[in-house]
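Student: Here it is, the structure in full.
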Amino acid sequence: MLEKVKATITANQLLEQGDHVLVAVSGGADSMALLHCLEALQEQYQLNLTVCSIDHGLRGATSAADVLFVEAYAKQHALTFKAVTLDVYPYKKEQKISTQVAARTLRYKALAEVMEAVGATKVALAHHLDDQTETLLMRLVRQTEPEALLAMPIKRAFFGGELIRPFMDIEKEAIYTYLKAHQLSFREDASNQEDAYRRNALRLHVLPKLKAMNPNLNQTLTVLREHLGDDESYLAQQTEVLQKKVLSFNAAPFEISFEIEAVKNQPRALQRRLFHLILNYLYDTVPTDLSYKHEEQFYSLLHAQTAQQSFNLPEGGLMRKVYRGVTFTFKQVKDAFDVTLSVPGVTRLPGGDRVLCERVTQTTAASPWEVYLVDTGEPISVRTRQDGDRIYLASLEGHKKISRIFIDQKVDQELRKTWPILVQGEEILWVIGLAKSEAHKRMNTNQYVKITYQKNNL
């Protein structure tokens with residue numbers, strides 16, 4: 001199996017000399033085999049390996065014991081070890097999403113943070129060929145786009161580095177054989193045998209029947225993905241050519257538009273891909289509740305007989321036809337908001353403005369749209385003003401009312417209602433674009449969060 005893994009790594013350029021690889025290890029069969037394989041390749045690639053084990057807090061003492069198991073292995077093999085504990089249920093409730101989606105989101109966020117903290121260049125995951133088959137079939141079961149059938153990429157960009165899957169050509173059975181040959185122990189996750197999760201039901205009941213009908217199911221679907229990938233690559237190129245010809249961008253307010261005549265007679269395959277390309281420009285992360293319904297609305301705009309027509313998109317998005325053109329944008333903010341920022345990461349605010357957060361170790365002169373905060377780990381948010389808001393200003397050696405700042409800066413009354421204010425805890429640190437507090441500079445440190453406010457994607 002190791003030789004096959006080597007071949008996959010070489011063919012897909014998954015590793016480079018001197019890579020620092022963060023290996024996500026749950027303690028299960030797949031991840032323990034992956035860690036062992038990467039150890040075997042350490043000398044060949046001069047790898048620096050860091051092991052990361054994440055407790056999602058969903059299985060009580062059992063999941064905590066999994067982390068301890070991985071930690072013991074890492075110590076025995078003189079590997080750097082990092083443990084992360086997640087609090088999935090509050091996040092699930094806050095975001096109104098499923099347990100599995102919440103766990104996945106927080107897991108990848110944690111991996112990104114650990115990757116940055118240890119200086120890793122790659123994150124290695126133990127997804128294998130059977131996982132790939134499950135993913136493809138799961139996406140077939142629910143409504144999906146054709147390109148989604150390509151399932152999981154063997155590598156992709158990930159927070160300044162890469163996320164890699166060296167086992168993507170390996171079947172589960174081969175992993176068990178490898179573990180037995182090398183006398184490697186692993187932990188069993190009892191929840192994998194529960195039918196409550198749709199993926200488990202597919203794995204336990206559907207896949208065995210499909211493989212009985214076609215013992216080479218994994219290979220058959222691999223060929224299908226390869227063919228789909230070839231087609232998708234060509235269509236993506238043609239869509240890129242089309243978008244360069246037809247799309248126009250406006251910065252403030254942020255808008256993407258095109259003339260209907262240039263698009264309505266294009267093949268439906270290119271229209272659909274152009275629609276999704278526009279959405280990728282419009283959103284930092286395309287909302288999960290975008291659906292086939294929105295595609296159909298897009299097609300209807302291309303052929304609408306009325307002079308003006310519009311449809312709402314998730315998260316305040318809007319697509320509208322005005323005479324001979326179609327425009328994608330965000331509705332203007334009219335209501336108060338309070339949004340917790342992703343650190344590190346990019347957060348889109350209601351109305352389309354973005355806030356970029358980066359962890360840095362030194363500061364430079366900041367523009368009116370940048371600020372440096374001490375990295376205390378405390379949540380940072382952007383909200384609209386509240387009664388009695390004040391900000392500490394060193395020039396005054398005291399606090400000043402936000403309402404007075406608006407008056408002094410001659411901010412329009414309507415704009416004051418939704419003017420963004422950056423807050424950490426109970427303290428206002430930045431009336432964005434207008435005034436910065438000096439409170440956060442009272443601490444001596446070299447750990448900062450650099451925050452950049454980007455107005456309508458500027």
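Just so you know, glycine gets a Cβ as well, placed from its N, Cα and C.
Sequence annotations record features per position, and here TrEMBL assigns ATP binding site to Ser26, Gly27, Gly28, Ala29, Asp30, Ser31. Feature annotation from TrEMBL assigns domain 'Lysidine-tRNA(Ile) synthetase C-terminal' to 380-453.
Any idea what these are sitting next to in the structure?
Tutor: Secondary structure from DSSP puts Gly28 (ATP binding site) in coil. The local packing around Gly28 (ATP binding site), expressed as other Cβ atoms within 10 Å of its Cβ over all shown chains, amounts to 17.
Over the domain 'Lysidine-tRNA(Ile) synthetase C-terminal' (380-453) the predicted model carries a mean pLDDT of 84.
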Student: Given the recorded ATP site (Ser26, Gly27, Gly28, Ala29, Asp30, Ser31), which additional residues of the same chain have their Cβ within 8 Å of the Cβ centre, ordered by sequence?
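Tutor: For the ATP site, the extra neighbours are Val25, Met32, Ala33, Ala126, Phe186, Arg187, Asp189.
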Student: List the residues of the same chain that sit at least 6 positions away from Ser31 (ATP binding site) in sequence and have their Cβ under 8 Å from its Cβ, in sequence order, or write 'none'.
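Tutor: In sequence order, Val23, Ala24, Val25, Ala126 meet the Cβ cut-off.
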Student: For a three-state summary based on DSSP, what are the helix, strand and coil counts in the domain 'Lysidine-tRNA(Ile) synthetase C-terminal' (380-453)?
Tutor: 15 helix, 29 strand, 30 coil
Student: Including all protein chains displayed, how many Cβ atoms other than that of Asp30 (ATP binding site) lie within 10 Å of its Cβ?
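Tutor: 22, counting other Cβ atoms within 10 Å of Asp30 (ATP binding site).
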Student: So if I draw a 10 Å sphere around the Cβ of Gly27 (ATP binding site), how many other Cβ atoms end up inside it?
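Tutor: Its Cβ shell of radius 10 Å holds 23 other Cβ atoms.
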